[in-house]
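Structure first, then comments.
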Ligand SMILES: C[S@@+](CC[C@H](N)C(=O)[O-])C[C@H]1O[C@@H](n2cnc3c(N)ncnc32)[C@H](O)[C@@H]1O
Ligand SMILES: O=C(O)C(=O)C[C@]1(C(=O)O)C=C[C@@H](O)C=C1
């Protein structure tokens, strides 16, 4: 289904509710530049780190597009676990996983509270930005503590620049992209307002610093387009 969520006046902050979940795949394809590429590069590094009996967590797995894609190409027996606290997203995810005939585990859980088992890989694409800054680093520390030695954490985020002119231009560049994808000026403004204080992006440097503060010995960007970036952090 096509994303028309912000064509009408908004009454509330952005939520991952039924209305959003029903159009989410279209929304991401048209709202995250090179979404397909960031997913491909995530999958490339994921497949390298998954071993026999590995546990893999995808935090904020939404409609499970990434885990389904990984499951299709996985040559070993591993547990792919998607966590999300939106039942509407999980319903979409379960339907898709069944249609593709893949074996993934999907759980309704708060990623801040979850009791993680020792894992070889954590993934969290476009989700940390929705976690309150006050507890975001705590979550990344929890991820670090739950990773086996040499485990990796791949995450993608919308990013800002602390150079105000560059930041303004990056946002303009992104809105041009959205217009090219068929979103109207009205939809763009409405969504920006709905996301205010809900999606709180960090800069590339702040994300790397956060990962290093939590103990990761290495963290760098493996893909970036304007204000969207994919990071890899190595324990
Ligand atoms: C932008 S979406 C993630 C997109 C997805 N990873 C992908 O690449 O297609 C963010 C997801 O995180 C989930 N989420 C946000 N806060 C959460 C929390 N505290 N616990 C679990 N899931 C959460 C939302 O329900 C939503 O499905
Ligand atoms: O549309 C925007 O402004 C976005 O920031 C895109 C974005 C994201 O980056 O997570 C925001 C909300 C939805 O989850 C889908 C995509």
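A Cβ is built for glycine as well, from the same backbone N, Cα and C atoms used for every other residue.
Here the structure is a predicted model, which means the values were calculated and not measured.
According to DSSP, residue 110 (S-adenosyl-L-methionine binding site) is assigned to coil rather than to any helix or strand. Of all Cβ atoms in the shown protein chains, 9 besides its own fall within 10 Å of the Cβ of residue 110 (S-adenosyl-L-methionine binding site). If you look up TrEMBL, you'll see 35, 60, 61, 62, 84, 85, 110, 111, 125, 192 marked as S-adenosyl-L-methionine binding site.
Across the domain 'Methyltransferase' (56-151), the model assigns an average pLDDT of 98. Among the features that TrEMBL reports, domain 'Methyltransferase' is placed at 56-151.
Between the binding-site residues 61, 125, the minimum number of other C-beta atoms within 10 Å of a residue's C-beta occurs at 125. Spatially close to residue 84 (S-adenosyl-L-methionine binding site) yet at least six residues away along the chain are 16, 60, 61, 62, 90, 93, 106, 107, 108, 109, judged by Cβ distances under 8 angstroms.
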